[in-house]
Amino acid sequence: MNLQQSSLSKNALKKLLKQQKWEESRQERKAAQKEKDKKKKLEKKKAVELGLIPPPIKKPKPNQITSNLRVVIDLSFDSMMTDTEITSVSSQLTRCYSANRSTSHAVNLFFTSYGQRIQNRFDTKIQSHINWKDVVFDTKSYLERFDKDDLVYLTADATDVIDELDENKVYIIGGIVDKNRHKNLCYDKAKKENIATAQLPIEKCIKMTTRKVLAINHVFEILVRWLEYKDWQKAFLDVIPQRKFNEEGKKKRRIKQNVGATDLKSDILDTVQNSPVKEDELSE
């Protein structure tokens, strides 16, 4: 004990020692908080990927150009999906909107046949959608909104392959997550309605080791990337997850997902419930 400390009262000395201990542990506390924040960020990312919470909306890109291209997400498959798949579709729609806000070349975005469980999901869990800009939520079918001759349904089952996007056309993306239960669903629907079908030129540009069916938001993001690059290969490589190019990586991921998947979801839900997404993150 030095001379300065000996002249202090017992309470003052106790307070001084406590302050010194606090200062000495500053770096340790800082590192612990950094690790805690990192874990929380990772848990929220996992929650978004699992569709437990919607992804945050990105702010619009400066000097954004709005093209004449119209893109429709067809939401007429509500009754064919499970509640979990409805949650996943809702999350993918949010990603489409976010991508359209952040791209340099935006499109005119429409959610048609909007209603039932998807609408309920938005009304109860993604309430900030009422503030979304440059997107149309339409309860009617695309057939009631657009000229049939302008419609092109994008489906991996189509025989025609797109070389470039035509800004006079309306491109339709099937708004469904079905784990491959319904074969040729979008293709058969388009043929029944007597509208054109086409697929993206994936096989011409890249080699995929998995099936060519992509998530709703991936198809949408590829379209807006093509508008920016005018290069299909670059658009595909920018958007398609790397696991679709790597069969070994896919097998490892499948094994990892099957082991302890329930515990993972439980842990993520606990984290999300304790640190929910802020409303202002979704209202841009």
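One is the number of the first residue shown, and numbering goes on along the chain from there.
Just so it is clear, glycine is given a Cβ too, placed from its N, Cα and C backbone atoms.
Summarising the annotation, TrEMBL assigns active site, proton acceptor to ASP178. In this structure, ASP178 (active site, proton acceptor) belongs to neither helix nor strand by DSSP; it is coil.
Per TrEMBL, the feature S-adenosyl-L-methionine binding site maps to LEU154, GLY174, CYS186, LEU200. Within 10 Å of the C-beta atom of LEU154 (S-adenosyl-L-methionine binding site) sit 24 other C-beta atoms, taking all shown protein chains into account. Secondary structure from DSSP puts LEU154 (S-adenosyl-L-methionine binding site) in a beta strand.
The compositional bias 'Basic and acidic residues' annotation in TrEMBL covers 20-36. Per-class residue totals from DSSP over the compositional bias 'Basic and acidic residues' (20-36), listed helix then strand then coil: 16 helix, 0 strand, 1 coil.
If you look up TrEMBL, you'll see 57-247 marked as domain 'SAM-dependent MTase TRM10-type'.
According to TrEMBL, the feature region 'Disordered' maps to 17-44.
Taking the Cα atom of each, CYS186 (S-adenosyl-L-methionine binding site) and ASP178 (active site, proton acceptor) are about 12 angstrom apart.
All protein chains shown were included, and the count of other CB atoms within 10 Å of the CB of CYS186 (S-adenosyl-L-methionine binding site) stands at 23.
Taken residue by residue with DSSP, LEU200 (S-adenosyl-L-methionine binding site) is part of neither helix nor strand, so it is coil. Counting Cβ atoms from all protein chains shown, LEU200 (S-adenosyl-L-methionine binding site) has 24 others lying within 10 Å of its own Cβ.
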